[in-house]
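Trainee: The structure follows.
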Amino acid sequence: MTNFASVAALLLLLCFPVAFSGHDYGQALSKSLLFFEAQRSGVLPRNQRVTWRSHSGLNDGKSSGVNLVGGYYDAGDNVKFGLPMAFTVTMMAWSVIEYGNQLAANGELGHSIDAIKWGTDYFIKAHPEPNVLYGEVGDGNTDHYCWQRPEEMTTDRKAYRIDPSNPGSDLAGETAAAMAAASIVFRRSNPAYSRLLLSHAYQLFDFADKYRGKYDSSITVARKYYGSVSGYNDELLWAAAWLYQASNNQFYLDYLGRNGDSMGGTGWSMTEFGWDVKYAGVQTLVAKFLMQGKAGRHTAVFQKFQQKADFFMCSLLGKGSRNIQKTPGGLIFRQRWNNMQFVTSASFLTTVYSDYLTSSRSYLRCSAGNVAPSQLLSFAKSQVDYILGDNPRATSYMVGYGNNFPQRVHHRGSSIVSYKVDRSFVTCRGGYATWFSRKGSDPNLLTGAIVGGPDAYDNFADRRDNYEQTEPATYNNAPLLGVLARLSCGHSGYSQLLPAVPAPVVVRRPMPIRKPRVTSPVRASGPVAIVQKMTGSWVSKGRTYYRYSTTVINKSPRALKSLNLSIKNLYGPIWGLSRSGNSFGLPSWMHSLQSGKSLEFVYIHSTTPANVAVSGYTLA
């Protein structure tokens, strides 16, 4: 973890105490990671924190001559489904890639990386040959017939695989994406492991692309539970995007450019994102490449990807031509069964897209007009706040968070007394009679689990047999890691298209170092007032750096149509303004600054505040 640990001293740049809302996002983040430990299959490690769980699935794969011990149970049952597990790992890795420093600031980076590695270690075992991938252990039909703890399950543990004769491009493509994304996470902390993951990703992508077919036509027992409705084209594009991000290999960028139209990347206008349908995620990633200036000869195609990414974001905000449904309490609503999976995944995409747009000094283009990137982050916050209890029922849909959360979760392990407490054998059907039908609370707290959530009218019934609403899933939690880490560090924007902690500019003739004032006096020039505050400091290589937040306030009764600022004695990077030569102005997405309103920009350097002054303005 040295790649993130090496910048630990700089974390004040990205995460400092804020009063974002009444919710403790850091606590919610910590709890959400515990859920992944409750879902572990295999030999549990000594540092296992969910102590009511024990070893399970120790013979998985044995009948097929392969070691498939490990991995995650997907939800409230004891089956290991490869497609949602791979999506879970991809989203956890994306969270670390974007918000690793924020996770570290909350003390949860190590736990996040452990959660990713628990999945990738399993995928390495499940991919024993270049064109063979095991995609499921156990099956939903026999598993659902029984209600047993994973430590003593008696259900069939047959392993199912894809190969050239029985292809599964969607499964292999998603697993390639997971391995590629995870390789970025381990690039500096464990280079050998990172290279191993990337080599598996290359092979899996080639397998998926060469031998095309839907995995649920080969692993038919998965169709009832995780059927591939969207097909495999979205996973092929998704895998190519992650392989490009992981390898910087032009082949994968060209693949996106050549196949974006024919595979639906530029054609599908989406209002959902999840373990089955990846188009909105692909469109978001390709838009990032475009904003980074990497599109090259594929610019025209990548612009169409970005238009579809904008469509998705606008539909969530209610500012598009086709908007997603919301409950009266404001939660986006896609379906009755486990709706929360779409809430958390959409919240993640709006969070990163907000930061991408802010970093590129752009705005969201909706049919209802241009939208500031901050509205996307505000939307994500509203959805997370709903999950944590700001809803008509005042119910937290994260188990263990707040005072009112689900007590009767549809989950075998949590609903049956711990194997460590009582080793009396729970029979297949006896588990239903004794434990499933109980009216009491679960004997084991499934801390951090995000359950399926309320219906279209904000109604929720806390019953164990109400699997549509009370069953949790790993892919509900995975996207939330990045969102909670981001929200825990405040609402201020920063550059996601640049390195997370930019290197300060070296000053050839350094200024005398003296501790700056925390707040500088208000400077006024006509109707414009300027106030600067030092919001953070840190020491790097013997030099102290300061982060300054500068607020520009329009004190005129009229709107400011344009503003020119002169900034002298600036010796580091700056964010939040547009720049033309030596002059700075309103950010590109802000067409005017209304009366009484303010804007904030941020800069970093190693001395006293820069000299910020108004050099010109135009009133409406």
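Positions of Cβ are set from backbone N, Cα and C atoms, glycine also.
Per TrEMBL, the features are:
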- 1-21: signal peptide (SIGNAL)
- HIS410: active site (ACT_SITE)
- ASP462: active site (ACT_SITE)
- GLU471: active site (ACT_SITE)
- 528-608: domain 'Carbohydrate binding' (DOMAIN)
Trainee: Where DSSP helix means H, G or I and strand means E or B, what are the helix, strand and coil counts for the domain 'Carbohydrate binding' (528-608)?
Mentor: 0 helix, 51 strand, 30 coil
Trainee: Taking the Cβ of GLU471 (active site) as centre, how many other Cβ atoms lie within 10 Å?
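Mentor: By my count, 21.
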Trainee: Highest CB neighbour count within 10 A among the active-site residues HIS410, ASP462?
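Mentor: Buried the deepest by this measure is HIS410.
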Trainee: From the Cα of GLU471 (active site) across to the Cα of HIS410 (active site), what is the distance in angstrom?
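Mentor: GLU471 (active site) has its Cα 5 Å from the Cα of HIS410 (active site).
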Trainee: Between ASP462 (active site) and GLU471 (active site), how many Å separate their Cα atoms?
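Mentor: With the alpha carbons as reference points, the distance is 10 Å.
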Trainee: Within the domain 'Carbohydrate binding' (528-608) only, compute the mean pLDDT.
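Mentor: Summarising the domain 'Carbohydrate binding' (528-608) by its mean pLDDT gives 81.
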